[in-house]
Amino acid sequence: MKPPTLMRVGVVAVAAVLFMLVLGWWQTRDGDRQAAGILPLPINQMSFALTDQSGDTVQPKDWLGRPTMVFFGFTWCPDICPTTLSDISIWLEEIGPEADRMNTVLISVDPGRDTPEILGDYLSNFDPRIIGLTGPLPQIEQAVDGFRASFRKVPQDDGDYTMDHTAGVFLFDADGRFVSIIDYHEDYRYAVPKIRRALE
Amino acid sequence: MKRIFATLALIAAAGPALACETVTVGPLEVSQAWSRASIGTARPGVVYLTIRNSGTADDALMSITTPAADMPMLHQTVMTDGVASMPHAMEVPVPAEGQVALEPGGYHAMLMELTQVLEEGETFPVTLTFRDAGKVTIPVTIQNIGASEPTCPSPDE
C-alpha cells in the first residue's frame with residue numbers, strides 16, 4: 001500500500017470540511033429560520049378548526065376584531081405549563097377588565113390526552129378568560145405551523161411521554177397582525193406593557 | 001418493607017410535620033420545599049426547593065424518593081430557540097459556598113405515578129440523596145395549582 005500522498009490528504013481534508021459545512025447548514029436551518037425573522041402569519045392568513053372547552057368550534061377568523069394572546073402547552077406538563085398559566089392569570093388580573101376584550105388562548109399540543117373536557121377541568125383552576133383549544137392532530141399541526149412554532153412528542157422511561165413545545169406567548173392586535181412574543185417566564189414588568197400594546 | 005416505610009412516612013407526614021421547615025445534612029441546608037395541588041393522580045406532580053451549601057466542597061443532588069409518587073425523577077426545563085424541553089437530569093450540582101434552586105422553568109423534581117392526590121394545604125415528605133452529604137427528608141408544602149413561587153419565606157427573612 002502506498003503512503004497517502006499530499007494530494008490525497010488534501011482531497012480528504014476538503015471533503016471533510018465540505019461535509020461539516022453541509023452538516024452545520026442542515027443543523028442550523030431551524031435557527032436560521034428564526035434568525036431570518038420568520039414571523040407568525042397574520043391571523044387572517046391562518047387556517048385551522050379546533051374545539052374549545054365548551055365544545056364550540058373555533059377558527060382563526062373568530063379571533064379577528066379583538067386582540068389575541070396565544071400560547072401552546074399541555075395539561076400533563078408539570079413545570080412550565082402551570083407556570084405559564086399562572087403568569088398569564090397574574091397578567092390578566094393586572095390588566096383588569098380591559099383584558100375582557102382579548103382572546104386569551106391555550107392550544108394543546110397533546111390532543112391524545114387533552115380532550116375539551118379535560119382542558120376545561122384543568123383551566124377552571126386559572127383565570128376564567130383563558131380558552132383552551134384541542135382537536136385532531138393535523139389541525140393542531142396546521143395551527144402550530146401558522147405561528148411558526150413547533151412541538152414534538154418525547155417518549156419517557158416509564159413508557160409515558162412528554163411534549164417539547166414552543167414556550168413563548170404570541171400577541172396579535174385586533175386586526176390579527178402579529179405584535180410581539182412574550183418569552184417564557186419573562187418579567188412581569190415587560191410582559192404587561194407588551195399586552196397593553198396589543199390592546200391599543 | 002417498602003410498604004411499612006411508605007406507611008411510616010405517611011404517618012410522619014400526617015403528624016406534626018411543619019410546613020416551611022428547614023432541614024440540614026452536613027453543610028447543606030434545604031428549605032422552601034413546595035409543590036402544586038394535583039387534579040387526580042394521572043398527571044405528574046412537581047417539587048421545588050432551595051439547597052444551600054455552606055461547605056467548601058461541591059456536592060450534588062443525585063435522586064429523590066417520596067411515598068407520594070412511585071417514580072420521582074430529577075428533570076431540567078431547557079429552552080432551545082424558544083422551544084421548551086424537559087430532559088432527565090442525572091444530578092443537580094450544589095456548588096461549594098453557593099446554592100441551587102429547583103424552581104419553575106429550571107431544575108425540578110417530577111413526580112411520576114402519583115400514589116395520592118396532592119391536596120392544597122397538606123404536606124408530604126421527600127427524601128433527598130446527596131452524593132456526599134447523604135440523605136435528608138423534608139416536608140413539602142402543597143400550594144395552589146396556580147402557584148408560581150413558594151409561600152414559605154427564605155430562611156434569611
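Every residue gets a Cβ built from N, Cα and C, even glycine.
Annotation note: A:C77 (Cu cation binding site) sits in a coil segment as assigned by DSSP. Listed in sequence order, A:T162, A:M163 are the same-chain residues six or more apart from A:C77 (Cu cation binding site) with CB atoms under 8 A from its CB. Annotation comment: TrEMBL describes A:C77, A:C81, A:H165 as Cu cation binding site.
If you draw a 10 Å sphere around the CB of A:C81 (Cu cation binding site), it holds 24 other CB atoms from the protein chains shown. Per TrEMBL, the feature disulfide bond maps to A:C77-A:C81.
Look at TrEMBL and you will find A:39-200 tagged as domain 'Thioredoxin'.
Per TrEMBL, the feature transmembrane segment maps to A:6-26.
Long-range Cβ contacts of A:H165 (Cu cation binding site) within its own chain (separation 6+, distance under 8 Å): A:F72, A:G73, A:F74, A:V109, A:A149, A:S150, A:F151, A:R152.
Mean pLDDT, taken over the domain 'Thioredoxin' (A:39-200), works out to 95 on the 0 to 100 scale. DSSP assigns A:H165 (Cu cation binding site) to a strand in the three-state reduction.
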